[in-house]
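Notes to accompany the following structure.
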């Protein structure tokens, strides 16, 4: 009775209206350390004090798998592969993408092991600070963030150019504005908005590539309205290789750009509900993406599209008409599909633009968490959005309008040069982090049985990945000094356009070393922090799950689980 009276005299709480809820969502997120282990007192200061940082864990298995399979498929594959074909020939494209594919397989496996073990904000950017050297982590983090910051305006411009395939009546600036507003709205919905959009975008891209592979086989054997048999004629005339070894070296950077974004799976680990169960499967999907979507599709394109095709040679910018995928369909005499595939290219461009906003904002917020960016950049609201970092990413989107000016393309080229080698440095650092983590883990008395998910490529795979990244940087250095082309002469301008990222990274590293010379040193095995950031994992629970699952798995089931 007293409870009833008390309830009657208490004032009824008013529900917030729609606008109040929106305003409230921008308030700071409450701190939450629950479920994570804290670092020991004698560990190096290389991780944020609060590993959870207020980010929402709303990503599920289907989100991660689609981000892994199709999240980074964009203009690099659909359009950029055309320039590789013209400079290197079909055989060089195949070899170059195979080498980068093998490298990425080892990188993603290493990242999967680390991200399952430490699903912290910033992922691989923070691992460099934690397992290698804080100065290197600073250089790598800002190099990665700058890379994605520049990609957003680049993709906005590319999207507007794709629309020009159909019409020139609407000014490019109008299309840039429309796509820019769309990406802003998507990212204001937080990580769930990004994930759901990428799930739809990636599904469309995956279906389109599977459909293209089937169509390309039909085109190659002469089963389309053109009734032309292609076979492997292009490998004889104009030839499998162009510009020899020099041409092969040029393929590596284009291939790296095409594979760029593969590492976003690790970056999303901090916002995943159960990374221990969902990340291993997502990382394994990369193998199928490399084998099916890249290698097979580019092999078929090499059979159909000659490397001296006029549309490839005369291509200016990232126009959809220069896409070897569209050219292959046109050569097959299929009238409607080129327009449909251009819609896919437009979706792919927007997808990469969306991913760039996610990647740059999360990276900058993570750098703020370890004191390598202004503290305000680490602000995260109640909806789990790093609002200040997101605002910085959005601000860079306005650079897309510079492309409308006469000197716009020149500005863009130099901005891209600053982070042009971002992928190689990032992937090499991930492999190095995995190698150092295993060394520190063993030195501190831990066993491999305590690691919930181990890289399928192992430490040897990480060494292979690291060496391949270094070789690719050497190959790009060779191309930067001696550019491809009979009429292209070596120059300082050509060199820095191709290799400016390296001195910029070195500059960031040296400056950080000088300013923080007392605390910035190579992380030793003794001081390495292998504890904080782990979501509480019980070794007995891991063994129990393995023992319960293994007897019920048949031979084919075990094979499937190994690869998928």
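Using the three backbone atoms N, Cα and C, a Cβ is placed for every residue, glycine included.
Record features, source TrEMBL:
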DOMAIN    63-516  domain 'Amino acid permease/ SLC12A'
REGION    28-50  region 'Disordered'
TRANSMEM  66-85  transmembrane segment
TRANSMEM  91-120  transmembrane segment
TRANSMEM  141-166  transmembrane segment
TRANSMEM  172-194  transmembrane segment
TRANSMEM  206-224  transmembrane segment
TRANSMEM  244-265  transmembrane segment
TRANSMEM  286-305  transmembrane segment
TRANSMEM  325-352  transmembrane segment
TRANSMEM  388-406  transmembrane segment
TRANSMEM  412-435  transmembrane segment
TRANSMEM  456-482  transmembrane segment
TRANSMEM  494-512  transmembrane segment
For this session: For the transmembrane segment (141-166), find every same-chain residue at least 6 residues outside the stretch whose CB is under 8 Å from a CB in it, and list them.
Result: 74-75, 79, 122, 125-126, 128-129, 172-173, 175-176, 179-180, 183, 260, 317-321, 339, 342, 345-346, 349-350, 352-353, 355-357, 359-360, 363-364, 366-367, 372-373, 392-393, 396-400, 402-403, 412, 415-416, 418-419, 422-423, 425-426, 501, 504-505, 508
For this session: Summarise the model confidence on the domain 'Amino acid permease/ SLC12A' (63-516) as a single mean pLDDT, whole number.
Result: 86
Exercise. Do the transmembrane segment (244-265) and the transmembrane segment (412-435) share at least 3 Cβ pairs closer than 8 Å, excluding pairs fewer than 6 residues apart in sequence?
Worked result: yes
For this session: Look over the recorded stretches 206-224, 325-352, 388-406 and say which has the most C-beta pairs under 8 A to the transmembrane segment (172-194).
Result: 388-406
